[in-house]
Ligand SMILES: CSC[C@@H](O)[C@@H](O)C(=O)COP(=O)(O)O
């Protein structure tokens, strides 16, 4: 774990401590979440963000919510658990990790019929801790499976932030870069700034710089030219939800990178843990896409207005990359190639009933 340099979420006594990612890279500010509504707000406002981290935060928030509840006995606790789950699930619609983690928490309550509240809370805390530690393990496993895809001297492109800040501390796509670096490979990373909320410019470059990885920031519209110039060897991105046929949702702009990579014959990889799989959905068309505040587009990071008042705005937070553009999907179980439908089912089939 030598590359985990920052811990994006942890328990501090009876509350949750998070890094407020909206303040990075200007300030590294930790914020305490003492109740469920502060966890909901942190997820909604992207203080805590990235699919795996959203799931972890929801599981921890669930513990806070049930602990604070006045209900003391079963089956009231089960009803309360379902209410808490619905509330936290309403924060963001796309990353399936949120629903996956909340589903696990509710199942713990269901499995302990008649249990007293104190003991139930111990089981729930244990489940939330397990969700966190499983994510650490899965990120390491993914980085090992993807190691063969990165060569010494490669220039790699990524979008948004699929790093330690988006997970339990190591990352999915950025985990692959950390692993290559640990293996002594010399790599160069290009980070797309990722308009409108600039997760690439603010978070990915911050993380990579701290980990001494050679990183160059580009505006989103520069990726095509870099590819034309032959300066990108592979593209690695994370995911918010992967459907059964391999189509996946990720930060808006991912699809354009996939099309560009396909045109330029550059390998394009999606790195995500099984908590991001939603095998109940046949294709990417069924993935709900979050639409966000127009102000994110009409201003530069909520500060300077950059568009006339009243202009129509289209602001989806994610897009769908069709499976046909993907060279491989990497999960903790290994490298998955086409046909994704069959191969995802073979490796992860049991998951379809779990979400
Ligand atoms: C390992 S994180 C994978 C994805 O969640 C990430 O690429 C992404 O799109 C995050 O979007 P965000 O809106 O910042 O939560």
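Including glycine, each Cβ sits where the backbone N, Cα and C put it.
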Inset, instruction - According to TrEMBL, 49, 50, 51, 199, 250, 251 bind substrate; so which of 82, 86, 92, 292 is the extra one listed there? - result: 92
Inset, instruction - Determine, using Cα-Cα distances only, which of these binding-site residues is closest to residue 240 (active site, proton donor): 51, 92, 199. - result: 51
Legend entry - substrate site span - longest C-alpha distance across 49, 50, 51, 92, 199, 250, 251, in Å: 17
Legend entry - Lowest local Cβ density (other Cβ within 10 Å) among binding-site residues: 199, 250: 199
Inset, instruction - Would you mind pulling the DSSP three-state label for residue 92 (substrate binding site)? - result: coil
